[in-house]
Amino acid sequence: MHLRAKPWATDWLAAHSDIVITQGRATEQIGQWQKLFAKAQPIHVEIGSGKGQFILGMALAHPEINYIGMEIQETAVAIAARKSFDQVGELPNLRYIYGNGNGVETYFEKAEVEKIYLNFSDPWPKTRHESRRLTYKTFLQSYEAVLPEHGEVEFKTDNRHLFEYSIVSFMNYGMRWATTDFTLDLHADAEKVIGNVETEYEQKFMAKGQPIYKIKAHF
């Protein structure tokens, strides 16, 4: 969903370039992301971080991990970064990229990222837009290029068609997962929901009684 532009967004991002890295700067940061954090720790990336509820929640819950939220919409990334800054200041383990998630290998080198999150991505339902889905094979190639051997992609969605499509895409690419890392109704499973950090969309769909599909797949 495209957000209405906020008049303050551009100036705020420019004033907080230590927190939000633009796409151009991100490509220059390849292999050096640990320098932007307080200390070297595993890096987890959310592609399509929206207004940032998930990535902020994860950064607060896991100070032992460095998190990067990647978002293409200026308004969304500005809202996310300002919200976290206003709530808790500059977190030592949270940064954002204002840029396109297409081609993450231009931002990170091999094994620089430990894990990738895809949360409630645009389903792009029309067949002619298949290549835009974040679980399409070319995206999987990009993820594999920055993750370590057997690196993990965690995917959540409310869209059954996109979930089924993604399962097939993962399988065709040779990815694998344990039966315990797969669910067709996340919030109906007391064990699987432990440690789950909800996104804004997740809360919205839960309120409507819609099931949330989730899988953690490995290369």
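The backbone N, Cα and C atoms fix where each Cβ goes, and this holds for glycine too.
Record check: Swiss-Prot places GLU71, ASN100, ASP122 at the S-adenosyl-L-methionine site, and the matching candidate among GLU46, GLU144, GLU149 is GLU46. Around the Cβ of ASP158 (substrate binding site), a 10 Å sphere holds 18 further Cβ atoms from the protein chains shown. Sequence-distant neighbours of GLU71 (S-adenosyl-L-methionine binding site) (same chain, 6+ residues apart, CB-CB distance under 8 A): GLY48, SER49, GLY50, GLY52, VAL77, ALA80, TYR96, ILE97, TYR98. For the S-adenosyl-L-methionine site, the Cβ centre of GLU46, GLU71, ASN100, ASP122 serves as reference, and the other residues of the chain with Cβ at most 8 Å from it are ILE47, GLY48, SER49, GLY50, MET70, ILE72, GLN73, GLY101, SER121, LEU134. Among the recorded positions listed here, namely GLU46, ASN100, ASP122, ASP122 has its C-alpha nearest to that of ASP158 (substrate binding site). Of all the recorded positions listed here (GLU46, ASP122), it is ASP122 whose C-beta has the fewest other C-beta atoms within 10 angstroms. Taking each Cβ in turn and tallying the other Cβ atoms within 10 Å, the top scorer among the binding-site residues ASN100, THR199 is THR199.
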